[in-house]
Each structure stands twice: as C-alpha cells, then as structure tokens.
C-alpha cells in the first residue's frame, strides 16, 4: 500500500455550534446500551439547540450485518430521537458512512507520514503473533515493539517498491496526555509508556477506529463527543492525533457503562436487550427512554415517568457520575404501565391507541368478534380508560384474560348450575337492575347496587359475583365484575345475561 505524499494539513477551526454524533458500528442491531448513548447525545444537542448526527462506522467490513445500518436509524426514529444528519436524511458534512470517506483517512495518514508523526510498518502477522505470545509467557501485556520506527527512508522506499504489505502506525509519545472530561474531570494517561504504536491505516486502505473517529469528528465539526467510558484511555491517543494534525479536539464526555442489575455486562447474546424485541412486545419507546435514564445518572432526581420533553428539560450532564448504571429490567412492567397510562390520558395519543388496538383486535379475533360495536372508538376508549394503570401494553388486552371484551363467552347450563342454584335468578335480577337505568354510571354506583342483588336472590355476595363473572367472561379471575360491566356497556351485558336465561 502506497500513500500519496504532500497532502496539506488542515488547520484548526472554531466550532461555535453544538454538534454531537452517535457513531455505532453496523455489526449488529441497536440494543439498550446503544440507545442510552444515542439518547444522551440527543438530549445534549436539543438542550443547546444543536445538531445530532448519525454516523455509521463500517470500517470493519468482515463483521458487517446485512440490514443493520438501516435498522439502527429505523430504531432511532421509532424511539423519537431521529438524527438531524445521516445517510438517510442527508446533510452538509456527508457522506455519513465511513466506507464512503476513505479518501479523507488516506489524506490524514499521508499528512502524518509527511510530518514524521507516522510510519509504515511491514511486520507480518506471524511476527506480531510471536510478540504477543512472548509477552504472555513473560507475564506482560502484549504490545508492538515499534520496530519499524527505526527503518531508514531508503529501506521504506525499497519495501514499498517491492510491494511488501504495509500498514501505517502513529508514533505515540511517552508523556501523560491530560484533558478535562465533562464526566470524569481532569484525567491523564501515558499510553505511549504502556502501549506500542497503534495502527491507524490498514493494508487494505481502511482506517482503524482511532484515525477514523478523529478525522470524521474534525471534518463533521463535532463539538462534543459523548461516548462510552471504554474509550476514555484511548482519548489520549486521539488527542495526540489531533495535535499532530494541528486540529482542535472536541470536548469529551465519557459515559459510564450500562450494566445488568447484577453488575454483568449487557451482551448481544441477551435477546431481550435489542430494541426490536421490545417493540415487538408492544413496549412504548418512551418507556425505554425513561428506563435507561432512570438506571443511571444525569438528572437532579431519580424519579420515574419522564417523557422525552421532560428528559430534554431535566437532563444535566454535570450530574452524570462515574459509577456504572445498573439496568433493572424487572421494573420494565412498572415503567410500561405508567407510560401507557399517560398516553391513554392524553386525548391525541388516546385516539392513536384506539385505532392501534382496533387493528390488533381485528387481526387477533377476526370472525369471533361479538359485535361491531366493540370496534367503535367509544367502546375501545372506554376499555382503555378503565384498564389504565392495570396493563403495561395494548397486547395485554388481547390475552385470554381480556378476551371477554371482544368475544362473547360460551357458558353451558352445567357450568351455570354448578356455580349456583340461583344463577338464573341472579341473571334476571341484574338485568332488571341494568334496564332500570342509572346503575352503569360509575364504578361506585354499580358496586353499591350489585351488593343488593344477594338479598333479592337469597344468595351470598360472593356467589353473585362468581355467577356474573362466569356469564360475562366465562373466567374465574380478571378485572372486577363492576369494571367488566362498565366496559361492556348496558346492551352487551343484557345480551350475555339473556343467553343465560335461555339455557
């Protein structure tokens, strides 16, 4: 590999505008850890009227997953935190895919070679593997010995002319590189004292992360880099690269890791951490945003229930601690109930929920639907208002426990008689009560009138409730009988009670 010489260095430029980026590798689909990083970048940019960029770091071509790039942006849009600039949306600083920016990395590497900050390395994979094994045998961390630093210019030219495969390595200096991180404060790392010179451009012309991220952040005018703390030590290398290229580095903020509740790392092998999995289960996007921010820091208080506009308002980067954030997925149902309730209570959101649930009911129950009325917006909204706080997703209303809402139950005379000898008397008394009007006005009024049925039918209140639950739902458990009746409405309750009298 031969790099053209004589490329001019780009001088530093000012960056008055806040520009942040989420730069995942499309080697997999978006999971909760990536969502959290993207969200913090989004919140930071929105607070400062800045720009949120999606950049795809696809230089590791062997590990690319088909469809992952498109899926990542799909999930950001679904979560309500779409990028302002991306390969899909365009922008003034594209391309937004690293494999389409190779000429920029070649130019930067050439500049570093010309100024003596980088050099060609011709060491074979076999030699590098021997160095690694030798270090391990002696109990040291593997590192490159910088052998090719000492090659004379004539030797380099001869090897390049002979077509010997080469990479480009950056010369690390041994001093401590100090900088102020917005999360970790003043920090410094002497990477040159413990690591060998890193590869910045591979033999195939593709850059490594270190060069690509620096070049892209410069050319895309990134003002702040919010990324995982696993890159904290590498920042020392990046700052040396910025200095060598005479560019102004961005401000760094390294976010603590998002871990499982037991302290273990989130793994892509955990199928339940991918956003698509949550979406398929009917989890609302705002639930996940609230869950991942609640798991860590960045807010003055750790209350649950924040929606996106509240997250933007309350986010404070100075409140992010260096401690790992522990994700408790056992709380997902609680978060889901809260956010679904808030949607139900929002008139505009409730209209959307009603239509969504209608389509779900039609798909699930199709020809079994008891009457066209159960697909009317008024009926579905009534169901949602009565069930809010009890359900964590619309899919809960499609479970067998709630099938009575959409399908009339089948009850046999044997079932009815086994429940109570006064079953038909109970059905008659309740139907008369309903037809008299006024009983289905409120839960309190209905519950009060149902208590009077037991004395009128020589039955216990418990027996009355069991009979009504059977006739209305053919189930032994579920919502209260009063709620069932309010949900179904006067006409449907009477239809189901009349069926019992005809047995």
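Numbers here mean position along the shown chain, with the first residue as 1.
The backbone N, Cα and C atoms fix where each Cβ goes, and this holds for glycine too.
Here Swiss-Prot flags 21, 22, 23, 57, 209, 210, 211, 212, 213, 227 as L-glutamate binding site. Under the DSSP three-state reduction, residue 209 (L-glutamate binding site) is assigned to helix.
The ATP binding site feature in Swiss-Prot is assigned to 31, 230, 265, 266, 267, 268, 269; the stated evidence is similarity to another entry. Residue 267 (ATP binding site) has a Cβ environment of 11 other Cβ atoms inside 10 Å. The DSSP secondary structure for residue 267 (ATP binding site) is coil.
Annotation comment: Swiss-Prot describes 26-34 as motif ''HIGH' region'. When DSSP labels each residue, the motif ''HIGH' region' (26-34) comes out as 3 helix, 1 strand, 5 coil, counted as helix, strand and coil in that order.
The motif ''KMSKS' region' feature in Swiss-Prot is assigned to 265-269. Model confidence over the motif ''KMSKS' region' (265-269) stands at 74, taken as the mean pLDDT rounded to a whole number.
Per Swiss-Prot, the feature transit peptide maps to 1-22.
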Chain residues in Cβ proximity to the motif ''HIGH' region' (26-34) (below 8 Å; excluding those fewer than six residues from its ends, i.e. six or more beyond): 56, 58, 60, 63-65, 68-69, 71-72, 75-76, 228, 257-258, 266, 268, 273-276, 288, 291-292, 327
Cβ-Cβ distance under 8 Å to residue 209 (L-glutamate binding site), same chain, at least six residues away: 57, 59, 234
Residue pair residue 265 (ATP binding site), residue 23 (L-glutamate binding site) - Cα distance, angstrom, rounded: 20
The one of 21, 31, 265 whose CB sees the fewest other CB atoms within 10 Å, among these binding-site residues: 265
